[in-house]
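Written out below as structure tokens is the structure these notes cover.
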């Protein structure tokens, strides 16, 4: 919870901008409202008229009303308020119940600035009582001393005189006879003339009373007197007097010779000689008593000429009415500020301080607090603009002082937040939400949330200040099952809004904070009566609906449970074993659940043979204060067993037992003192006789904390500050805070509150105590966010909670290894390892460690280590050596620690052939893949992905081919324009083709470094079932309108006759120039049959370039961009040549320029060619076939 702040500091700038209040007319007018005359104490006789003065002065109009004993006094014919404000009572009535006029009167003066209340005036009627003490007859020897006294109560104090034989004694007599104002008559050196009857007369201005008579008898003395020590027969008595009264301290002594009486002060101060005198033979009279006269006076009777003396002492207490030593000062404060009035008074006895607002008493509650002599008003509102009075009163009178609070309002202040509503979240938290002010909401810089208990008086109001970016707040640290009142205030730089509407919300119930305190007694050897008191409301936290009793024999482990309704407070266990120790405990439950169980309380059942044993007493325990417990008991009057006494035992919970304390049979009360505050004590009591101990009674009780009334009025100390939290482990957090510099107290204790964020059950909140400014909080959940707060305790006072600090515990170290570890060889020397995070949703991984090594390195303990971040679940293992088997294992870790390694995974790297040791490693072909398929860890998901990808790629290629074919039909008409006739004979082309046989060898060498992934297809199967009429050269596709045609590559038009009726292909030549594609059929020739046709040469001369780009050392041609780069060894470059190698049995050939036969379609007749057009058939090189298959369209 945010700390309580003082929002009154927010608009402090406003005070600097305000004009001097003295320049504002009428602002200080309230100072004119004061009393010129106030009512004074008065004593009158019944039926006498009464005048009580009250004259107020100030800005008119001024209205004066009267209060009697704090209530408004109604006017009638007998009681009237005069025009000057005085009260007139025509005939005083007394001692007739409500008709009595006796009491305390005050006048209240009101004008437009406020109201002030006068001091109290006590009106009493003159009365006199009967004599409380009458003179007593006495007999003294001649020459001795005689003393008579009487006592009477009256209002006003009566004047007492004496009569001798019904004749008044003069007020001033010789030194032998002294009449004291207190009602004492002293006679020294009594003689026969003093014998007679004496009585006292008490008189006031309205009454007179006479006491009974007392006789003085003088006995003749012996002729000779013996010496005897001085004796004080009437010592001074303690006296309490008011200021300006007269005090008499009597001191009368006898002895022989006659003692000398002297006075002194016990504090060795000198006695005031101006107001003090000795009356008679040693009585001290102090007139016009003042405070400095108070003290202890010592009367000393000394035998003359000796050191023999005797003393007597008495204390003089002087009472004084209250008087101010510090007066409250008028204040001017802005809206929502804080006002503090200070008022100090002194008097004897100490005056009681109270505060008035416009004449009405203020009660400390919510935002208005009274601490001893201070009045603090928080969150000032316009209604706080008033006149405040500090009243100090004691038995001697009352006095008041006034001050004005002026509230300055800002015209541009925001309106109040509205639509405030509260929602209960848990037993200790309530969600408060509101809407922004409708007016000037854009200028709001902060909100303050105020809350306090809705029931009771003197409730503390708490305040939390929030930023302007939120309109809701969760108030926690509330008491369960309690009503709270909330309101909101909005702040801006120049002031604050009015308070929002108040809302009240109740927290949920919670489990009881502590169990009931039980009492155990036995009525027979086989039963135990269990009784308990209801849990106090502050610990109950709801309505108790169930009690659960658990009991067992101390020698057994089985527990028996009895559940009782919440309205039951005792239960009798019957059928128990005699002379056995039973353990009993109790648990209380609300509607939420069961609370904490009490500790096991032991009780021994009586012996079965204890027929004459005394019954158990009825025990009652009551804490008198924080260190004392009153133990009371009653014995059964019907118990026939004799009782010799009682034995009392007690112990603090968890400590060793004290006792027995032996008590007499007449003792029914004992006080245990010297206990510790806030401790639970177990007390047991039993009666005993000469035979044995009786049945015992057991009961537990808790001592309260030592908090006095004076302490309750002291403001609470500030909370600890700079609270700091740091996670230590996954189950502990270290806290550190600073002690506030508010006191020099040496003993300070702290309470730490700890709970997970969002906790719904307040009973799960952890409270820890320490006297240090740091603590390691243990037993927390891993990877959980907690909130912490600290409060301090000093001199039985507790501070508010410090601001809440949030911190998260560290996660646990991974308890399991990564799962699903897979290793895939993706290159000859590179493998891909993948895995999944360890099982468990709470596992947090920040790093993975990959260890891998060959078998030899593994045996030597030499691992290669890789690290990956926690979000990465794959890694590449590079620079693997062929022919080795590698061991791979992975572990997960975080900032707390390292997890375990799983079982190792092995990877075999494909060995190389000796013939290929100096070449690049080859990829596995299909047959090799079967042999080493065991080393490929491809799961079903991987295979499915590959198949889907290949299918998509083939579909795209097919769509592209269809699009090209469709678009080529529109461009057939342009083919004739792009084809040029050639004049060179076919022999030149044949020669060029023949020259390509040498280059075919180079091509074969080039293809040795290429991968072979699919079986080769001869070029004659390129279009086995016919094709389209598409002709492509370097200028683009050539489209012919002839729907029936045959494709030829480089046809010899000089010697081959085209016969359309037979549709026979006379010659087909396969040729590919990198970067150039030319497809020609015999029907597509632009020349007539027999005409020589010349094709353009896109690159270089007419001779075919059969050099493979991968193995070419150079070119005799002026190379161009049609060739692939000679520097790239990773690409596959293809060329089409016509081979002159003799055919083999495994080779498939197409017709060429020198072949004897050409392949025929089904149904075409054979047609021999001229000899000059044939040549030895050449097998197609594998590389050439591959290239032919790989030519893009």
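Sequential numbering from 1, following the chain as shown.
Every residue gets a Cβ built from N, Cα and C, even glycine.
Here the candidates are 84, 749, and Swiss-Prot annotates 84 as N-linked glycosylation site. Residues 222, 238, 308, 728 are shown; Swiss-Prot lists N-linked glycosylation site for one of them, 238. Looking at 483, 625, Swiss-Prot tags one of them with N-linked glycosylation site, and that residue is 625.
As annotated in Swiss-Prot, region 'Disordered' covers the listed stretch 974-1018 rather than the other ranges in 974-1018, 1019-1063. Residue counts for the domain 'Fibronectin type-III 3' (613-712) under DSSP, helix first, then strand, then coil, are 4 helix, 52 strand, 44 coil. Across the candidate stretches 126-217, 230-317, 719-812, the maximum count of CB pairs under 8 A to the domain 'Fibronectin type-III 2' (512-608) is reached by 719-812. Predicted-model confidence for the domain 'Fibronectin type-III 2' (512-608) is 87, expressed as mean pLDDT.
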